[in-house]
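These features come from Swiss-Prot:
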- Gly117, Thr118, Asn119, Gly120, Lys121, Thr122, Thr123: ATP binding site (BINDING)
- Arg395, Asp419, Asn420, Pro421, Arg422, Gly470, Glu474: meso-2,6-diaminopimelate binding site (BINDING)
- Lys226: N6-carboxylysine (MOD_RES)
- 419-422: motif 'Meso-diaminopimelate recognition motif' (MOTIF)
Amino acid sequence: MGQSLHALLRDVGLELPAGLADPQLTSITSDSRLVGEGSLFLGLPGERFDGGRFWRQALEAGAAAAVIGPSAAQELPPAADQPVLVLREPVARSIGELAASYWGHPCRRMALIGVTGTNGKTTTTHLIEHLAVRVGQPTALFGTLVNRWPGYSITATHTTSVADRLQAQLAEAASAGSQLAAMEVSSHALVQERVAGCRFAGAVFTNLTQDHLDYHGTMESYYEAKARLFTAPLLDGDGPSAVVNGDDPWGSRLAEQLGGRCWRSSLGDPQAELQMVDLEMTGQGVRGRLLSPAGSGAFCSPLLGRFNLMNLLQAVGVLLQRGLPLAPLLEAVGSFRGVPGRMERVVVNGAESAALPTVLVDYAHTPDGLENALAASRPFTDGRLVCVFGCGGDRDRGKRPQMAAIAARLADRVVVTSDNPRTEDPDQIIADVVAGMPSGTDLSVERDRATAIAEAIADASAADLVLIAGKGHEDYQILGTEKVHFDDREEAEQALRQRQ
């Protein structure tokens, strides 16, 4: 961007060490392997190791300077004449601000909307993108599945990228003409300051249910992480700029904290600013009326499930806060067909068949997500509801018996299998799940996920519905430390073909 080191440091309020040279910077990066002549190396502290420890390698590779944290400086103290700036804590926040400044503060050039919550982030951000584009506003999307903007698209590797890469992507999106951007913001990203340097014009809280307690420890800590998105300097301003799920107990708490700065969304509270009424569920989706401070109107959506109504309500609501017109937004709702791996129907040769069971693949991997997916599936079967699921290894063990109890309560038949066991013993994970099943559950256990899917579909009648939960869009399994190709949709389609 042609910025000098001194100008960059001054822009974010950092003190200049005496004698520090003022070169023109050619790039910034937190990856020492990407350093070139004139780069600024950002020594980003991480969970497993401190990237600041690589400052020497960065300088040897031609970096003009390096910024590191106190722990890296203590471990490998730089000499007084070396161009190394030691930051005060929180280091990651300063690095995010540096990245935003280097890339010209991209959030000042387009309106950034952040979506956080346990479930619903992906569908809600995709809805925001779809609706905004349909009403003529070029929009970028950052999330679990893909990062894209006008003229560019790439499969995402993380829900929220590290700060320097994120700011570079935001700058590219703004330069490509994006007027708005929808971003999934994970709790990990908020704790690790990956979105430092961002300024959000709007924010959405979808819900909070048990997940990631292996990382956060308690639900209170998990909530506090999510709530960071709704505080300055990330989200600021006097008027309504947030949409919060008022039907969620944690959302109700957040709404009370935010007061007039948020609109509450609800499917049952007549006092909420955003509501849906006169709902009619059909085999083709749902129709009803949306009520908002900007007016009301009828809508028709092909999305399945009550939980998707909340996603839709919140997406429309946050765009209304941005001043987009209600009528065109509601018209655009009907053309949104959903997100890959979210209540996605698997068919053979692109066509449904009355001779085959209905098969849905969903990313549900939390207790709340599984309950929502099963509840949404029930109206679409005249036969049995069969649930195939497992729980990930090296993750929150407390949700395993909870998911088991939900599956046993809402499904007619349950098949427990593997789901990214990672370095845990798959049989022990399955045992943890089965321990939560009440006696009398119609239960099968099959460690091999492909076999479990094939047998569940082979055993199902044409009137049954088979829900394959947990992986959704993912096209891999993590076995030990190895990632191997695996796609629930491919396995399900193959099993359906065997039925023809």
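Cβ coordinates are placed from backbone N, Cα and C, and glycine is handled just like the others.
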Candidates Arg395, Asp419, Asn420, Arg422, Gly470, Glu474 (binding-site residues) with Cα within 10 Å of Lys121 (ATP binding site): none
Where Arg422 (meso-2,6-diaminopimelate binding site) sits in the secondary structure, as DSSP reduces it to three classes: strand
Integer Cα-Cα distance in angstrom, Gly120 (ATP binding site) to Lys226 (N6-carboxylysine): 14
Reduced DSSP assignment, Glu474 (meso-2,6-diaminopimelate binding site): coil
Cβ within 8 Å of the mean position of the Cβ atoms of Arg395, Asp419, Asn420, Pro421, Arg422, Gly470, Glu474: remaining residues of the chain near meso-2,6-diaminopimelate: His365, Gly390, Cys391, Gly392, Gly393, Ser418, Lys471, Gln477, Ile478
Rounded mean pLDDT for the residues that make up the motif 'Meso-diaminopimelate recognition motif' (419-422): 96
Cβ-centroid neighbourhood (8 Å) of the ATP site, Gly117, Thr118, Asn119, Gly120, Lys121, Thr122, Thr123 excluded: Val115, Thr124, Glu184, Thr206, Asn207, Asn311
Other CB atoms within 10 A, centred on Pro421 (meso-2,6-diaminopimelate binding site): 23
Distance check against Gly117 (ATP binding site) for the recorded positions Lys226, Arg395, Asp419, keeping those with Cα within 10 Å: Lys226
When distances run from the Cα of Pro421 (meso-2,6-diaminopimelate binding site) to each of the binding-site residues Thr118, Thr122, Thr123, the nearest one: Thr118
Neighbour-count leader, CB within 10 A, binding-site residues: Lys121, Arg395, Arg422: Lys121
Secondary structure at Lys121 (ATP binding site), reduced by DSSP to three states: helix
Of Lys226, Arg422, Gly470, i.e. the recorded positions, those within 10 Å of Thr118 (ATP binding site) when Cα atoms are compared: Lys226
